[in-house]
Amino acid sequence: MELVKVEKNKYWVHDDWYCKYITVKTPSGDYVEFPCFRWLVDDKEVVLRDGRARLPKDDKTRLEKQHRRKELESRRKTYRWTEWQPGFPMSIDANTHKELPRDIQFDSEKGVDFILNYSKAIENLCVNQFMHMFQSSWNDFADFERIFVRIKNTISEYVMQHWKEDFMFGYQYLNGCNPVMIQKCTKLPEKFPVTHNMVADCLEREMTLEEEIKAGNIYLADYELMEDISPNSTDPCTLQYLAAPICLLYNNSQSKILPLAIQLGQTPGKDNPIFLPSDGQYDWMLAKIWVRSSDFHIHQTVTHLLRTHLVSEVFGVAMFRQLPAVHPAYKLLLPHIRFTIAINTKAREQLICEFGIFDKANGTGGGGHVEMIQKAMRSLTFRSLCFPDAIKARGVDSPEDLPYYYYRDDGNRVWDATKSFVWDVVCIYYDSDNTVQKDEEIQAFVKDVCSFGMQDLDCCEFPKSLKTREDLTEYLTVIIFTASAHHAAVNFGQYDWCSWIPNAPPTMRKPPPTQKGVVDVKFIIESLPDRGRSCWHLGAVWALSQFQENELFLGMYPDEHFIEKPVKEAMESFRQRLAEVSSAIKIRNEGKKLPYYYFSPDRIPNSVAV
């Protein structure tokens with residue numbers, strides 16, 4: 001028995017059915033399962049194969065081959081590429097959530113209506129009373145606490161108490177919301193002329209700055225991507241400003257990361273001073289606030305939107321176009337792209353579109369965020385999505401040199417567990433490298449990602465074919481890790497780290513200072529977001545940090561796409577490894593004022609769905 005055909009008669013009422021699977025009892029008394037996990041829409045027939053995963057070479061009969069070909073032909077008509085903005089990764093050709101194929105829509109649109117969610121968040125957080133004074137400034141920092149009181153949690157409260165301190169500023173480079181900016185400084189860039197005398201009083205090892213650099217104790221965070229990005233001008237009553245700072249960081253004798261020097265623009269000069277911890281307290285505070293604001297923009301648009309959401313959609317669309325449901329890679333990947341295309345379509349509809357929510361409170365709204373993605377595409381390489389490679393490329397891979405970098409340590413453990421699971425599955429279906437090379441569907445999938453999804457950009461260096469089982473394992477690991485673990489690590493900390501607004505200002509209302517000694521508290525408060533923008537920002541970071549009601553976490557595969565025992569055993573050992581990682585993280589976090597749990601597998605949803 002090869003195929004089962006399911007037809008649903010269409011009556012007057014529009015009644016889509018969701019079918020999980022069909023079990024058939026054969027004349028000999030055996031039961032054969034035909035997985036479906038699809039919507040039966042209108043009166044279109046659905047033809048199912050039994051649950052065993054098969055590569056193209058395993059299909060021997062004409063009927064099987066034909067079924068495989070027809071499925072892909074029809075999927076390619078349904079899942080089409082389009083370019084939402086020039087220079088972006090390609091996305092699905094649909095303008096609204098309603099236009100998406102029924103199989104990839106959300107079960108209910110209510111849960112993912114951003115406008116509804118943000119408004120509800122603003123209401124839940126009881127910050128409505130500030131909205132009618134939309135454009136007025138706060139009076140002082142204590143005033144920010146008034147909107148903050150309703151919604152404290154351990155980390156956000158700790159941030160509120162310590163945000164002015166240098167250790168807190170530095171710590172976030174390792175374990176905050178955007179822990180991907182810090183890199184080893186092997187030589188001071190010419191555009192950042194910091195001298196030993198400027199920072200001598202901060203150095204603790206009786207070495208010159210030059211010697212500290214040689215010893216590997218100096219790090220850099222450079223926001224050059226922000227240079228020449230257009231600030232938000234959608235509101236003529238409020239001018240908004242952006243900066244492209246460079247920050248020098250010091251790994252001190254207690255292995256704390258501390259800021260040494262900050263320049264707020266990329267071109268040195270007398271109107272672009274280098275701010276130092278030895279400056280007046282308000283000069284130094286404002287310089288750090290500007291860095292935090294730039295960090296927030298890079299985090300939202302590049303680390304989060306581009307490098308998890310949009311990249312996962314590319315993999316998802318290519319998968320639907322090139323891999324039939326019977327292919328083992330399709331069965332493996334499907335849970336990890338669940339709802340991703342839907343959430344992104346919704347975001348293009350309401351969030352990052354012209355006049356969308358993004359424009360309301362964000363300094364890069366009104367088009368700046370689009371320019372940022374176009375620029376960031378130049379450094380979006382395949383290698384930069386391989387977690388260990390990305391860590392190594394920034395020179396931060398050594399736990400001896402840089403302890404307490406939990407993002408790196410936990411991320412490596414989850415990467416290794418995922419990779420070893422994927423290797424187990426790959427070896428079940430591919431007995432040799434040759435089998436990988438001869439699988440025309442997996443090769444077409446990889447080519448589609450590079451040539452269409454990533455627009456064949458020279459700089460992206462995505463592979464166009466895979467030669468070995470190791471290549472295939474790494475490729476599939478990148479897809480699963482990006483959509484599950486990396487998204488969790490850079491998404492669910494947004495409320496913790498960004499709800500205290502001076503620590504992550506979504507916009508700035510005065511230009512960066514061009515000289516020292518002119519800034520006071522009033523100037524800083526007038527630079528920070530006004531009441532209305534603060535409320536929108538709070539609603540956004542709160543809504544984005546919530547898990548879905550029926551969230552599926554890494555290792556949970558309730559839909560049985562695979563029926564083979566070896567795969568089920570691989571899943572079981574994957575779950576055990578993940579449970580070990582979760583419990584090690586839990587033990588390490590005990591008694592910590594700043595626990596780090598974003599890479600804890602029991603908090604990593606399977607896919608990008610929020």
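Heads up, the Cβ atoms here are built off N, Cα and C, so glycines get one too.
The Ca(2+) binding site annotation in TrEMBL covers D15, D16. Annotated Fe cation binding site per TrEMBL: H304, H309, H487, in sequence order. Here TrEMBL flags 1-54 as domain 'PLAT'. TrEMBL lists 53-610 with the feature domain 'Lipoxygenase'. Per TrEMBL, site 'Essential for stabilizing binding to COTL1' is recorded for W39.
Take the mean position of the Cβ atoms of H304, H309, H487, the recorded Fe cation site; other residues of that chain with a Cβ within 8 Å of it are T303, L305, R307, T308, S312, H486, V490, N491, V608.
In the structure shown, across all protein chains, H487 is the one of the binding-site residues H304, H487 with the greatest number of other Cβ atoms within 10 Å.
Taking only the Cα positions, the spacing between D16 (Ca(2+) binding site) and W39 (site 'Essential for stabilizing binding to COTL1') is 6 angstrom. Here D15 (Ca(2+) binding site) is compared against the recorded positions W39, H309, H487, and the shortest C-alpha distance is to W39. Rounded to a whole number, the distance between the Cα atoms of W39 (site 'Essential for stabilizing binding to COTL1') and H304 (Fe cation binding site) is 31 Å. In this structure the C-alpha atoms belonging to H309 (Fe cation binding site) and W39 (site 'Essential for stabilizing binding to COTL1') are separated by 24 Å.
By the criterion of other Cβ atoms within 10 Å of the residue's own Cβ, the least surrounded of the binding-site residues D16, H309 is D16.
Every protein chain considered, the tally of other Cβ atoms within 10 Å of the Cβ of D15 (Ca(2+) binding site) stands at 11.
For W39 (site 'Essential for stabilizing binding to COTL1'), the number of other Cβ atoms no farther than 10 Å from its own Cβ, over all displayed protein chains, is 17.
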